[in-house]
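Positions annotated as transmembrane segment by Swiss-Prot: 15-35, 56-76, 86-106, 131-151, 175-195, 254-274, 298-318, 348-368.
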Amino acid sequence: MSTPKSASFFTRKNILAFSFFIAFLVVVSVLVTVFFLDIKTGDVKTIINTINRTNWPWILLIVLGIVVTLAWNIIINWWVARRFCFHAPWWEWVLFACVVQFFQIVTPLSLGQDPFRLYWFIKKGMKKQTAVLLVTSTGAFWNLAQALITWPSFFVLSQNYALLEQNHEGFVSYWFSFAGMIFDVVVAILFIFIAYSKRMHVLIYSGVNQFRKWIKRPYLTKEQIYQRFIDKAEFNKLYGLEIKRLGLTIFKLLANILIAVVGYFSVFAVFAIVKKENATNNVIDQYSTADIFNITNIAITASNFIPVPSGEGATQFVMTSFLNAFKSAVGIESQVKQGVFLWRFLSVYIPAILFSLCFIGWVVQVVIEFKHPKPVLPTVNLINHHFWNNKKLHN
């Protein structure tokens, strides 16, 4: 049953306001990064001019990371959704994946992607409970994959704790990195707990409904919330069954690990791109590939918790601190600064600009559909569908 236009939160006015907010957020983020790192137009030209032309094919690794992530957002959502008789044109899946990628980039800790996925599936006709199951059963694997990659690197780094302890910045970075990784694990656990816990389900719904009541939007009564509490018991069973699909679960985990490894290793690719010929202070010459990889993925994870504005600032601070703690190399600060900025420029800023165009295209599509609503194909009623199958098996 479609929501009446008067009761819909996604009016043209609200969508346009949200779009301007996202655009403002992107502009502010870029300005904060530029001013904090003291990056000027001349600096950007210098970084571009320092690119080693013989190593430019390394850029393909960064492009591969973007393509793999985009393909993953299409494949996993399409694959899981089709089991519930959910269908959409191929171009809508591509647009959907681009907008998901956009929210991954512009929202803190990529927290905006899952609410968008939830809204998109429901808007396209998927039942709320089915959409929640789809989103929550895939959302925690990224944090889990990061933990499986980063913690071994952290243990390797900890073997050199004596060196880090002698270096004040390295010591500070070490413990902030530890806090950042703990935070990552907590987010993953909370994601699973929120999806599975009935009490948490009711608590969140109560909070959301209080907010909707405050802004004078339609909200659920206490009786309706408690009814959802009862429905949640059945949802828990289905969530458990979804996670127990070992083939799909292992595939989700391995795919996220691959995406994370390509993303972390792309920083090494950037240092290869900015490598100076006939110089002795190149990062990739001073440190082994394993050391750079371990320090890189710890630095990126630590950026969740380092109290430094902008992702570049945190990543640059941690990488420089750890590299200097391992081996004091003259001149690496400049190359780390150039490398981290170039990495973010190629893997974050350019994709953010491109995917923002897709986001604008999606907003236009939503406005058009709002003015000229189309009938949507219903998906399988998840609860009754599974219940009926189980009932037939027992009979």
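Heads up, the Cβ atoms here are built off N, Cα and C, so glycines get one too.
Within the chain, the transmembrane segment (254-274) has long-range Cβ neighbours (under 8 A, six or more residues past its boundaries) at 47, 50-52, 55-56, 58-59, 61-62, 64-65, 68-69, 72, 76, 141-142, 144-146, 148-149, 282-284, 289, 292-293, 296-297, 300, 335, 338-340, 342-343, 346-347.
Ranking 86-106, 131-151, 348-368 by CB pairs under 8 A with the transmembrane segment (175-195) puts 131-151 at the top.
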